[in-house]
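Single-structure report; data block below.
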Amino acid sequence: MKTKFLFITGGVVSSLGKGLAAASIGALMEARGLRVSMQKMDPYINVDPGTMSPFQHGEVFVTDDGAETDLDLGHYERYTSARLSQKSNFTTGQVYDSVIRKERRGDYLGGTVQVIPHITNEIKAKILANSKDVDVAIVEVGGTVGDIESLPFLEAIRQFRVERGRENVLYLHLTLVPYIPTAGELKTKPTQHSVKELREIGIQPDILLCRCDREIPRDMKAKIALFCNVSEEAVVTARDVECIYEVPIAYHEEGLDERIIDYLNIWTKAPDLTDWERIVRRFKEPESETTIAIVGKYVELTESYKSLSEALIHGGIANNCRVNLIYVDSESLERHGVGDTFKDVDGILVPGGFGHRGSEGKIAAIRYARENRIPFFGICLGMQMAVVEFARNVCGIDDCFSSEFKEDAANPVIHIMENQKKVTRKGGTMRLGAYPCQLVEGTLARRIFGTGDVEERHRHRYEFNNAYQERLEKGGLVISGVYRDVGLVEIVEIEDHPWFLGCQFHPEFRSRPMEPHPLFESFVGASLKHHGEA
């Protein structure tokens, strides 16, 4: 079958959930037996989000091949079977960089390089490069229709239909139908204006996915259809749901997947949504609950920890329990102390991060978890701070810290990796992507994974300082996972504790609702046990 292309645009406001919509459509296509590819085009000029503040961009999602990408790719991987790559996310910065390099090589034979056709051709080439050997290529256009930054991308997808044929390209526009409480009614005008802007660019949407907090009445759908030049059946309600894993089910009930395959002239089997229904049922009707604190410095924007929070929910689904998340500002712990912060908490998790700010608050939280025998999970920087806390307060090593935060520390138990010492550029230069880890027999990590070899994704410059290994092990630290090629410590544990584990990698990037990551399943299980014993 010739590859079909589904382009998703958004209008009215940002953060409507285009990424979730794209992921849910991907899930529905796979449930019908189709092969899909997922891709996000971001209109910002940064080459990638790797150096952007989490407060501006949210989480940076890392792929197996080491790409630092938009958090929407996390949704794509959690909802579909796809393992994404560097081709799955590209930006204006990457497009212009590629075109300028070609111009310098002389690829354009002295021609004047312009947005049309050179930039738009480059965009189309990147779309095609990610759509090989699939039935449906789903492409999300970042930004909001009307933004000047998005224009080259919209022009490129406009050309796509002309070149590939109307029957092979579908435009789906996600828009907002707000309810105005004072008027007591839904308003369609924002959707009308958003579609008007899209049509002025030359794109007539085929399906309107209308985000709303309630069902849109039939007469209002008819009004939207009339003013936006689509059939009434093409106006689909995207109602708010309690659980984001309910979105594919809600879309199917609205007939969205049927509209898509009808338009693209694809014959498929009926979708099997049994697994999604099971997940939603477990989410809504848990047998028990547990409370876990995430201690970090980006907690004002919880999107900074999107994959992390979802992985904990996956752990809850596996344990048939509700996971209540409490976000704790590590800087606040530095200023005010731990106090009663963790009084009703069953597990403490310290995630990755960068910079000195808030580090002592994380160390205080780790000490509380260790001394009070509360299950603790440290990820990336969280593992490194667990090593610092153990070295200081158990092994009695003075002036002990990470050289990232104190270059002249007498005892840098965490230090910069050898191959990072001469690196001066920030973007794309960390240890990124999937690397193997060998697990030690008889350890907690080995029991959790049930195997001796695993592969996990990384994003870091600093590592455990092996010069302190013997001293820390004598104090009771267990090194349970190692990347043997270079002797890099990947997992640490401590003896005589219900559940205390830190890992250098980011397991949250490989967790899915149908396949919870073993570490999160085990950590949530330990927290649930602590809740029962409290």
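Please read every residue number as a count from 1 along the shown chain.
Heads up, the Cβ atoms here are built off N, Cα and C, so glycines get one too.
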Original post:
For the UTP site that Swiss-Prot assigns to SER14, LYS187, THR188, LYS189, PRO190, THR191, GLN192, which of LYS126, LYS132, LYS223 is also named?
Top reply: LYS223
Original post:
According to Swiss-Prot, SER15, LEU16, GLY17, LYS18, GLY19, LEU20, ARG239, ASP240, VAL241 bind ATP; which of ASP70, ASP72, ASP97, ASP107 is also listed for that site?
Top reply: ASP72
Subject >> Of the candidates GLU331, GLU334, GLU404, GLU441, the one that Swiss-Prot places in the L-glutamine site of GLY353, LEU381, GLY382, MET383, GLN384, ARG461 >> reply: GLU404
**OP:** Inside 10 Å of the Cβ of LYS223 (UTP binding site), count up the other Cβ atoms and send me the figure.
**Re:** 18
Original post:
Can you tell me how far the Cα of SER14 (UTP binding site) sits from the Cα of GLY382 (L-glutamine binding site), in Å?
Top reply: 32
Original post:
Taking Cα atoms as reference points, which of the binding-site residues GLY19, ILE148, THR188, LYS189, GLN192 is nearest to LEU381 (L-glutamine binding site)?
Top reply: GLY19
Subject >> Least surrounded among the binding-site residues, given as SER14, THR188, THR191, when other CB atoms within 10 Å are counted >> reply: SER14
Original post:
Relative to the Cβ position of GLY19 (ATP binding site), how many further Cβ atoms are located within 10 Å?
Top reply: 24
Original post:
Across the domain 'Glutamine amidotransferase type-1' (291-533), what is the average pLDDT of the model, as a whole number?
Top reply: 93
**OP:** Pick out which of the binding-site residues SER15, GLN192, GLN384 has the most other Cβ atoms within 10 Å of its own Cβ.
**Re:** GLN384
Subject >> Neighbouring binding-site residues, C-alpha within 10 angstroms of GLU404 (L-glutamine binding site) - of GLY17, GLY19, GLU140, LYS187, THR191 >> reply: none
